[in-house]
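K.L.:
Below you'll find the structure I mean.
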Amino acid sequence: MGDSESVNQDHGRNTFLSRVFGLQPDDITTSIRTGDMSRYPLNAYSGGSEMFSGSPTSSRIDDDDDDDEGRVPESDQQSSSGDNSDDIKANDDVIEDVELTDGNGDNYTNSKMINTNYSIFGSLRKVGQQSSDEEDDGSLSNEEEDIDEEDEIDEIDADEPLFVNSTSQRKQKRKSSVNFKNGSEMSSLLFQRILNKKDSKSNGEASNKMFTSSNQGNHNYKYRNGHDLEGGVHFNKKEGRRNSLFGSHEAGGHKSHNSAPSKGPNLLKNISILNNTPSNKVYTLSPKERALWKWANVENLDVFLQEVYKYYLGSGFSCIVLRKLLNLTTLIFVVYISTYLGYCIDYSKLPTSSRLSDIIIDQCYTTRITGITKGLLWVFYVFVGLKVVQFYFDLQNLTDMHNFYNYLLGISDNELQTIPWQNIIQQLMYLKDQNALTANVVEVKAKNKIDPLVVANRIMRKDNYLIALYNENILDLSLPIPFYKESILTKTLEWNINLCIIGFAFNESGFIKQSFLKKSQHQFITEELRKRFMLAGFLNIILSPFLVTYFVLLYFLRYFNEFKTSPGTIGARQYTPMAEWTFREFNELYHIFQKRLGLSTVIADKYINQFPKESTDLILKFISFISGSFVAVLMSLTLLDSENFLNFEVTKDRSVLFYITVFGAIWSVCRNSISDEYKVYDPDETIKELSEFTHYLPKEWEGKHHTEDVKQEFCKLYNIRLIILLRELASLVLTPFILWFSLPACSDRIVDFFSDSSTYIDGLGYVCKYATFGINQANAQKVKGGKRHQDMKMNTNNFSNEVINESDEDVLDSDSDSEIDSNDKMMRSYMYFMEDYENSENAIGKNQLPRKKYKDPSLTNPSLNTDYSWRKQFQPGQRPELFRIGKHALQVPTNVRNLGKKSTLNSENPYDNSSNLGESFINPTIMPDRDLGRNGVNGGKKEAGMLRMVKDYYKTSDIGR
């Protein structure tokens, strides 16, 4: 037939398969041949829709295509309360503006306007939940007529091919078919018929060939359209280079020192064996086929991506297995050594014995250990047995993840220890482009939305809520003591909060429960949360004696040798758990955050040590003199009679050797704690430098960086390690009181927080609204009092429009400073997120540091920078084009009380260091966007002056407000 007819058929085939199987239009052309799909009937579709007719010219999609893109129901499938009468109403008539994309941000082009009444491309609903059309439009009309018409069509089109070969054939089929009211009603029946026929034997051969791609076809297609189907990368014929997530790499040119090889996932060239493989026969496949089967049958993308990230953090199969074994061995050793020293040693014989065998009690575990202690040991044995069983199942999951990395992503365990996480994201995007086949059709849409932002939101779905929860000061973590309201967060209390709040708010699939979002369920959920706090406090009281004993022994065995060999480390500092939640940005993965925080400790010590402590130094010098004098006298006498004097008892049962050890340790601690006599004193510049790592510089500290008050506030966040350990031990006893008295009073605010901070993203589900950065939120529906309502329409070409439009309504209606701080933190998190993923200099391994920059290219062997001058990598890039912050950010709401106390937009920062603005401190090269929902550089307009003011505001004066 003519060229127009063939183009129409190819276009219709590509559009259909791209939406059903998640494949991209470019991937389908050479992967599926017309003969492979000849068994699927499409008489009704060819006769009633205009998608496969007309000239192949570019056209737009009407704004009325709201029903074409169904909402993926990635949320709770059931309510914890059992009250179904107050479910979110399905007739809210929410209008969603949907723009079909091919996964890389390019719009699909159709020959004519797409019929908008009903489409086969809506997402299938999950079991137990309404479909998108039922939620948005109430219910499908004329269901009985549709069923009758569907049965009638199945009889007529039983043997009709999916894609007819000529116009005459289409006309002939159209004449013999039943006339329907419109083409959209006919198209709505196609997908169900295909699903009903996919297991039939007559279609078995076609199914096996459905995803088979020939080498020759891929070769021709690569040079015709510039995309390598099997290689997973884009190939530019004219420039001879391959495009990656961070830009273009010249073929044969100089390769970046920190970029891993950009190679596509290694997929099977023929996966027909996987089409009919049931789940109970998966392990009969080869490791490569099994890895592909697991990827194709991902049921929960959140859990899968979290496992992918945990595997990356663990540095591969061998390291994770070794770590699990050593942790279990450590637990067994601590329990064994404590029971052995407590029941198997006769300490009364120790002074008169010279051998170990003289003081050991034989068969102590059977004769000395009885009663409660023996019962607890048996409980421990059962616990160890359960850990071994769990380790066995973890080993199977690790094997599957190892195969996924090795065969599909093409990354070995050795490479995993040095490869950047950005490269893992890149490989996942390539894998999604090559094969998005899935057994769970709802996940097709989710897999089509794999990009750095979506992956971070799925991995940190719960952590983002916790970041907002701690930063908005909703939790009362103080002891129920009058006139003592200091919040103390320890790891034990943090674990209980996760168990009581996060474990209750999210279901087993990792999605937030709908009952938390309904106003009608508010009172019930609040009472249930109070009961959980009370129950957790009761369990902590029961377990506290055993936990205290275990952790005392663990900390003693872990830190005693360190303190003995290096007594100066007793005064070492580390960040508290509250500081970690305060400093962490939204969507900031754990390894990026830990690296940033670890690199800040040197500057934090520098800031604290700048403050003079004359009185403390005088006392330390005196103590070191006294202790040093005793050590000198005892050592001198030891030299006179070294054989006898060391065992000489100075006091009862305390020899000379004992006192030499004690006084020596005291002298060492005091000498190491004395501050240097001369040092540079510039706390303002130091804390500004520190804030580039911590992203925390409250407005209240401005102009007071040199004062003792600011230093003490910072020391609460960066405390002495020994004090933190003592607090951890004390919290094992004090945590039950916080769970009983303080946290239950916050239950109402906690439930309100989840309702107000949740927003729905199509294909992603409910996430924390601050973690979305306001990008591509046109389809998002906020949850307010248990009802969905449409967000105001936002301009996706300008980030500031999206952020301000999304949040200014809340800010205008809110008088709380925490709401303003959260929105500022959201914008700041976006800036650092873009810097982490778009700056190629940050594409380094989780344990690596960036190299120093040299302007002279002749320096081929530069030394690594160890003076922390590369700290600017954690500061957002200075190129105005990278951040779409326009003049809207400077519009200060007039009806918000006390806003002037928080804003410094119209005031000059005395510590502004903007003389070198205009170029990024790390890499001035602007990398192309990929799947981040961002367009070009504002149409080429220069807005550097306004953008510079806003960036200075968020980087200097108000960092971490």
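Note that Cβ sites are derived from N, Cα and C of the backbone, with glycine treated the same way.
The topological domain 'Cytoplasmic' annotation in Swiss-Prot covers 1-324, 396-536, 558-617, 676-721, 743-961, and the record cites a curator's inference as its basis. Residues or ranges marked as region 'Disordered' by Swiss-Prot: 1-91, 126-180, 198-225, 244-265, 900-940. Residues annotated as compositional bias 'Acidic residues' in Swiss-Prot: 132-160. Marked as compositional bias 'Polar residues' by Swiss-Prot: 203-219, 900-918. According to Swiss-Prot, the feature transmembrane segment maps to 325-345, 375-395, 618-638, 655-675. Taken from Swiss-Prot, the feature topological domain 'Lumenal' applies to 346-374, 639-654, supported by a curator's inference. The feature intramembrane segment is assigned by Swiss-Prot to 537-557, 722-742.
Have a look at these and tell me how they're positioned relative to everything else.
P.N.:
Across the topological domain 'Lumenal' (346-374), the model assigns an average pLDDT of 83.
Same-chain neighbours of the intramembrane segment (537-557): 334-335, 337-338, 376, 492, 496, 725, 728-729, 732-733, 735-740, counting only residues six or more beyond its ends whose CB sits under 8 Å from a CB of the stretch.
With a threshold of 8 Å between CB atoms, the same-chain residues lying at least 6 positions outside the transmembrane segment (618-638) that come near it are 645-646, 656, 659-660, 663-664, 666-667, 670-671, 673-674.
Taking DSSP states H, G and I as helix and E and B as strand, the topological domain 'Lumenal' (639-654) has 6 helix, 4 strand, 6 coil.
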K.L.:
Pull the DSSP breakdown for the topological domain 'Lumenal' (346-374) and write it out as helix, strand, coil residue counts.
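P.N.:
So the counts come to 14 helix, 1 strand, 14 coil.
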K.L.:
Per DSSP, how many helix, strand and coil residues does the topological domain 'Cytoplasmic' (396-536) have?
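P.N.:
Its residues fall into 93 helix, 4 strand, 44 coil.
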